[in-house]
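Asker: Have a look at this one.
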């Protein structure tokens with residue numbers, strides 16, 4: 001997912017405390033996908049309730065957002081709306097990848113290959129409509145605001161940061177910069193120790209902050225040229241040019257000025273180029289949202305998680321105690337959130 005331009009961008013590692021009192025517009029689909037990929041058993045099986053319904057995403061929302069809020073972060077979830085028509089090929093390819101990964105996961109499990117199984121299980125992750133509906137409901141009950149974008153969630157989140165309604169976008173993808181996000185924070189919901197693939201080595205994963213202005217200045221390019229570089233490499237809307245990585249794309253765009261000249265020189269073509277470039281520069285966004293963090297509905301959360309999805313009531317209550325202590329306790333605590 002996204003575009004592979006990360007090696008070109010400046011990154012600063014920070015502690016989570018550095019985001020205290022900051023509003024972060026979180027790319028909901030991207031984050032739910034992360035929860036579904038990471039919150040799994042050793043053989044890759046996701047968390048499920050007694051009816052077989054996957055609950056990894058709900059666990060991530062409750063426990064990881066509670067930890068963020070304890071650290072002073074003010075999260076907003078931004079959900080995707082209708083994707084542009086020219087994203088259909090990418091969505092179809094993702095479906096094929098998931099189907100293939102699911103088959104390989106089942107095969108690896110049958111052979112007792114836990115590490116292989118886990119890898120393929122992660123690649124098989126899928127965010128369904130029911131998962132989104134349950135996620136929205138849980139956010140409402142937890143008192144955390146969410147926004148429904150008219151189209152791409154990253155575009156809406158970028159707009160909210162541009163307006164000053166949020167300080168950062170929270171996403172693992174770099175597409176946010178193509179939509180004009182001033183600042184992005186990565187690894188927000190996956191901070192902690194992570195095992196390296198095929199190695200018995202664990203590394204500390206910390207949040208990374210990236211600035212669009214700083215990266216463009218370092219590269220000596222404009223945002224439009226960054227979009228052109230991404231399109232050379234490949235985006236959610238087009239396949240990249242053969243044998244063109246981010247560094248070569250940067251060189252070509254700086255040398256020729258824009259992607260149209262690059263394509264002419266290479267004898268290549270990108271379908272609907274103008275429409276796709278314009279979509280990055282001028283995506284559909286909305287001002288129809290309200291940002292309020294309110295006291296959680298304890299009974300509602302317990303009903304959704306414990307009665308419907310078999311969560312431990314003791315653990316859920318402990319998480320709610322922590323949540324209420326930070327956004328639902330005294331008036332002075334609440335005042336810090338507005």
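Cβ atoms here come from the backbone N, Cα and C positions, even for glycine.
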Asker: Can you dig out which of the ranges 321-329, 330-338 Swiss-Prot describes as region 'Interaction with PCNA'?
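Answerer: The range carrying the region 'Interaction with PCNA' annotation in Swiss-Prot is 330-338.
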Asker: Of 107, 228, 236, which does Swiss-Prot put in the Mg(2+) 2 site with 173, 175?
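Answerer: The one candidate that Swiss-Prot places in that Mg(2+) 2 site: 236.
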Asker: Please identify which of 80, 85, 214 is recorded by Swiss-Prot as part of the Mg(2+) 1 site containing 27, 152, 154.
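Answerer: So the Mg(2+) 1 site in Swiss-Prot includes 27, 152, 154 plus, from the candidates 80, 85, 214, 80.
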Asker: Using a 10 Å radius around each Cβ and all protein chains in view, which of these binding-site residues has the most neighbours: 27, 80, 175, 236?
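Answerer: Counting every other Cβ within 10 Å of each candidate, the maximum falls on 27.
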Asker: Residues near the Mg(2+) 1 site, 27, 80, 152, 154 excluded, by Cβ within 8 Å of the Cβ center?
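Answerer: Leaving out the recorded residues gives 28, 29, 30, 78, 149, 153, 155, 156, 157, 171, 175.
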Asker: Please determine which of the binding-site residues listed here (152, 154, 173) has the lowest count of neighbouring CB atoms within 10 Å.
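Answerer: Looking at the binding-site residues 152, 154, 173, the Cβ with the fewest others within 10 Å is that of 173.
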Asker: Please report the distance from the Cα of residue 27 (Mg(2+) 1 binding site) to the Cα of residue 236 (Mg(2+) 2 binding site), rounded to the nearest angstrom.
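Answerer: About 15 Å separates the two Cα atoms.
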